[in-house]
Every structure is written in structure tokens, then in C-alpha cells.
Amino acid sequence: MSNHTHHPKFKTLKRAWKASKYFIVGLSCLYKFNLKSLVQTALTTLAMITLTSLVITAIIYISVGNAKAKPTSKPTTQQTQQLQNHTPPPLTEHNYKSTHTSIQSTTLSQPPNIDTTSGTTYGHPTNRTQNRKIKSQSTPLATRKPPINPLGSNPPENHQDHNNSQTLPHVPCSTCEGNPACSPLCQIELERAPSSAPTITLKKAPKPKTTKKPTKTTIYHRTSPEAKLQTKKIMATPQQGILSSPEHQTNQSTTQISQHTSI
């Protein structure tokens, strides 16, 4: 509290405390003179003053504690620059080559193992394997390009050896637009793919077309027995204009002659 004695709120608290002391002395004097009503009003006002003073002190302590907890000063530009300088530089080709040469120099500087019993010297086998790994890591990955076929349309033959089996790179057919060397690779990849079996579609034989001939409709009329008799009579009597037999003609000529003589 010694550091905060000059705060204006603390000064007001001191003044209120002194005033309360004088107020208590005055109340005691009034109580001696039997002025109870004035004493009661004075006590209530005193209680209100003490409560307000306690609330003010609590607020002051809370504000002081928060001020101590929060950092008052922000990091300066020099501190931020120092932090940036401490960050490691990004890996570039020059840095990578320098680290690669340092690793090779350390591996080559190791002395060979000497066998004292047989008197022969031999190099450590792990150095060769390490050098091979480092070289494989140092070489950048080259972009795979499809091999150029000189014949163009004729795809290469599939030479499958059981001992040395080589797998060709997968080339999607969507990237083969305008590249004649890429089309045989797509065909080879489709032939070698075990999962994608060729689907056989059976074509149904077309049925022969048959043209239906129109059928003749026969109409049957029911005839009565009287109509049948009339048709028979008509068939029996010869019609006029039809050539008759020679006997019939001779009979007609004789009848005509007899008629003329009688006249």
C-alpha cells in the first residue's frame, strides 16, 4: 500500500475515515444528552458511509491486481527483428549441396577396418550403402515420359520373363491426345490389367421377317328351299339368245310351214 498512497482514491478514503471518527465522537455526545432519534439517524448514515468505503477499497485492490498481471510493455521492433534472425533459413539447392558434400567428406574420412589376425584390410560396407542412399536422395526425380515408338502404330511385343518382370508406367489415355506414341501404352496397360477383364456381349440373331398374306373372306348366304327350286327351274329352261340344238331348230321350221299352209 506504500506505493499507492498518492492515488486520489486513497486520499478520499483517508478523509472519509477521519470524518467518520469525528462523526462517532459527535454521536456519543448526543447519546449522553438523551437524543435517541438523532443517534439512530446518524448511525444509519455511518453504516452507509462504511459500506461505500469498503466497496471502493475492493475495487481499488482488484484494479491493482489486474494491472500487475497484464504486461504493460509491448515487444519492440528490435526484439521482433532478433526473433526473425534466429529462425533457420529455408533449404535451397546451395545449402543442400553443401550439406551433401559435408556428409560425403565425413564418410570418406573414416579409416578402414583392419583385421589384426589375418593382416588384411577391408573397407566398411556401410559406407557404400550410405553413399548410394545419399546419391539417390540428391538426384532430383525426373519426370517420366512415355518411350517414343519409331514404328508408330505397331505396339511392342509383350516379352514376359518369369525371372525379370518389368512393369511399365501407367499412362492414362486422357493425356494421349495428339501423341501417337502414347496410344500403344494405353492398349498394353489395358491388356495387362488383371482386374479389368474384357466383357463379352452376345449379339442376338435377328429374327426373319414374315409377311402375312391377306386371307380371302368367303361370305355364306343362307338360301330357303323355295329359292333353290327356282334356281333349278331357271337352269332347266333355256334362255333366249342361246344357241339351241339342231333338233330344236327343225321342229321350229316344221311348225312355221304348217302355219303358212293353213292360211
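Glycine too: its Cβ is placed from the backbone N, Cα and C atoms.
The model shown is predicted, which means the values in this text are computed figures rather than measured ones.
Swiss-Prot lists 72-86 with the feature compositional bias 'Low complexity'.
Swiss-Prot lists 98-129 (among others) with the feature compositional bias 'Polar residues'.
Residues or ranges marked as compositional bias 'Polar residues' in Swiss-Prot: 151-166 (among others).
Look at Swiss-Prot and you will find 204-215 tagged as compositional bias 'Basic residues'.
Look at Swiss-Prot and you will find Thr72 (among others) tagged as O-linked glycosylation site.
According to Swiss-Prot, the O-linked glycosylation site annotation covers Thr80 (among others), on the basis of similarity to another entry.
As annotated by Swiss-Prot, O-linked glycosylation site applies to Thr87 (among others), with the evidence given as similarity to another entry.
As annotated by Swiss-Prot, O-linked glycosylation site applies to Thr92 (among others), with the evidence given as similarity to another entry.
Marked as O-linked glycosylation site by Swiss-Prot: Ser105 (among others).
Per Swiss-Prot, the feature N-linked glycosylation site maps to Asn127 (among others).
The annotation O-linked glycosylation site is assigned in Swiss-Prot to Thr139 (among others).
The N-linked glycosylation site annotation in Swiss-Prot covers Asn163 (among others) and rests on sequence analysis.
The O-linked glycosylation site annotation in Swiss-Prot covers Thr215 (among others).
DSSP assigns Thr231 (O-linked glycosylation site) to a helix. Neighbour count (other Cβ atoms within 10 Å of the Cβ, all protein chains): 11 for Thr231 (O-linked glycosylation site). According to Swiss-Prot, the O-linked glycosylation site annotation covers Thr231 (among others), on the basis of sequence analysis.
Annotation source Swiss-Prot lists N-linked glycosylation site at Asn251 (among others), citing sequence analysis.
Among the features that Swiss-Prot reports, O-linked glycosylation site is placed at Ser253 (among others).
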